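Student: Have a look at the structure that comes next, please.
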Amino acid sequence: MKEQTPLGIKAQSYVDSGELVPDQLVQDLVEERLAQSDAKPGWILDGFPRKVTQAAFLEELLAKTAQGGERVVNLDAPDDIVISRLLARGRKDDTEEVIRRRLEVYRNETAPLIDYYSQRERLLTVNGNQSQEEVTSELKNIFAP
């Protein structure tokens, strides 16, 4: 969206109005972005996929473009840790009520991805109950060349 492409502008209009960006538009944005030359050596997606249907799309896209080797990292932490860390960020939209709602959406829509990627032997789980420094260290080890 930052690049102000036609797709990005369309997605920004949903965000600005407080609506969820439709799956097809998100998928089109991901496909557009991963096709750019700076993504060829590798990339990290944060927040996508959020649903099994999006994961299936990504798998097809990577097969079509001969990109592979994807690893999926699950930061596993108890709700109380997630809530306290998100509240500490200080964002206006990070109220406890909103965070609890997001966690419920996660459990209903995103958590099934754990099984999806486990079955494909692509899932790596990091203990998010550690200090932020320890989590960062584990992530660096996972993504080190």
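Placed from the backbone N, Cα and C atoms, the Cβ positions cover glycine too.
What TrEMBL says about a protein is an automatic prediction, not a curated fact.
Okay, so TrEMBL annotates it like this:
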BINDING   GLU19, LEU20, VAL21, GLY47, PHE48, PRO49, ARG50, GLN54, ARG91, ARG102  AMP binding site
BINDING   ARG89, GLN130  ATP binding site
Student: In sequence order, which same-chain residues at least six apart have a C-beta under 8 angstroms from ARG89 (ATP binding site)?
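Tutor: Set apart from ARG89 (ATP binding site) by at least 6 residues yet with Cβ under 8 Å, there are none.
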Student: How many Å lie between the Cα of PHE48 (AMP binding site) and the Cα of GLN130 (ATP binding site)?
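Tutor: About 24 Å separates the two Cα atoms.
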Student: Between the Cα atoms of ARG50 (AMP binding site) and GLN130 (ATP binding site), find the distance and write it as a whole number of Å.
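Tutor: Approximately 24 Å lies between the Cα of ARG50 (AMP binding site) and that of GLN130 (ATP binding site).
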Student: Show which residues of the chain containing VAL21 (AMP binding site), separated from it by at least 6 in sequence, have their CB under 8 Å from its CB.
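Tutor: Spatial neighbours, sequence-distant, of VAL21 (AMP binding site): ALA11, TYR14, VAL15, LEU29.
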